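K.L.:
What follows is a structure written as structure tokens; I'll ask about it next.
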Amino acid sequence: MSGIALSRLAQERKAWRKDHPLGLVAVPTKNPDGTMNLMNGECAIPGKKGTPWEGGLFKLRMLFKDDYPSSPPKCKFEPPLFHPNVYPSGTVCLSILEEDKDWRPAITIKQILLGIQELLNEPNIQDPAQAEAYTIFCQDRTEYEKRVRAQAKKFSPS
């Protein structure tokens with residue numbers, strides 16, 4: 001494991017514990033021996049108020065490579081979501097998560113989670129990752145929002 005990656009992740013965890021957006025969750029997983037695994041984060045993103053996503057809490061895994069922050073983490077909804085920019089595997093398609101697009105080492109976990117939260121209600125139709133969600137979003141917005149509301153209800157924490 002890279003000392004640079006672990007150092008950066010420890011720094012980010014410390015900053016996150018002091019101040020993070022309401023409702024967002026980001027915690028490292030635990031190794032079999034009980035120690036923290038900073039390279040594997042369990043996250044949760046609440047749907048924004050006033051959107052069809054409201055009420056849902058969507059679980060996401062954030063996996064960091066040894067060369068983080070030179071390369072972005074892989075972000076994957078577990079289970080996968082119905083969304084134009086989420087691959088059927090659950091992996092999020094977002095330009096700031098792609099090394100050859102908009103990733104920069106200065107981008108933080110907080111910025112990534114806020115970016116994904118924003119993406120939920122504002123899909124990028126120029127970069128679709130899921131054919132069914134993309135097609136319904138483009139052709140029948142009412143049906144799309146109905147499905148999103150049902151999904152938010154399904155993933156409601158209460």
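All residue numbers here begin at 1 and follow the chain in the order shown.
Backbone N, Cα and C define each Cβ position, glycine as well.
Feature table excerpt (Swiss-Prot):
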type	residues	note
SITE	I4	site 'Interaction with ranbp2'
DOMAIN	4-157	domain 'UBC core'
REGION	13-18	region 'Interaction with sumo1'
SITE	V25	site 'Interaction with ranbp2'
SITE	L57	site 'Interaction with ranbp2'
ACT_SITE	C93	active site, glycyl thioester intermediate
SITE	D100, K101	site 'Substrate binding'
K.L.:
With DSSP as the reference, give the number of residues of the region 'Interaction with sumo1' (13-18) in helix, strand and coil.
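P.N.:
Taking each residue of the region 'Interaction with sumo1' (13-18) in turn, the totals are 6 helix, 0 strand, 0 coil.
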K.L.:
Tell me which of the recorded sites V25, L57, D100 ends up closest to C93 (active site, glycyl thioester intermediate) in space, Cα to Cα.
P.N.:
D100
K.L.:
Quick one: pull the CA-CA distance for L57 (site 'Interaction with ranbp2') versus D100 (site 'Substrate binding'), whole Å only.
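P.N.:
Between the Cα atoms of L57 (site 'Interaction with ranbp2') and D100 (site 'Substrate binding'), the distance comes to 30 Å.
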K.L.:
I'm trying to understand the geometry here, so how far is the Cα atom of K101 (site 'Substrate binding') from the Cα atom of I4 (site 'Interaction with ranbp2'), in Å to the nearest whole number?
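P.N.:
I4 (site 'Interaction with ranbp2') has its Cα 22 Å from the Cα of K101 (site 'Substrate binding').
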K.L.:
Give the helix, strand or coil assignment DSSP yields for D100 (site 'Substrate binding').
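P.N.:
The three-state answer is coil.
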K.L.:
Using a Cβ cut-off under 8 Å and a sequence separation of 6 or more, which residues in the same chain sit near V25 (site 'Interaction with ranbp2')?
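P.N.:
Residues satisfying the criterion: E42, C43, A44, I45.
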K.L.:
Just counting, how many other CB atoms are there within 10 A of the CB of L57 (site 'Interaction with ranbp2')?
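P.N.:
So the number of other Cβ atoms within 10 Å of L57 (site 'Interaction with ranbp2') is 16.
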K.L.:
Between D100 (site 'Substrate binding') and I4 (site 'Interaction with ranbp2'), how many Å separate their Cα atoms?
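P.N.:
I4 (site 'Interaction with ranbp2') has its Cα 21 Å from the Cα of D100 (site 'Substrate binding').
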K.L.:
Among the recorded positions I4, C93, which residue has its Cβ surrounded by the fewest other Cβ atoms within 10 Å?
P.N.:
I4
K.L.:
To what whole number does the mean pLDDT across the region 'Interaction with sumo1' (13-18) round?
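P.N.:
A mean pLDDT of 93 is what the model gives the region 'Interaction with sumo1' (13-18).
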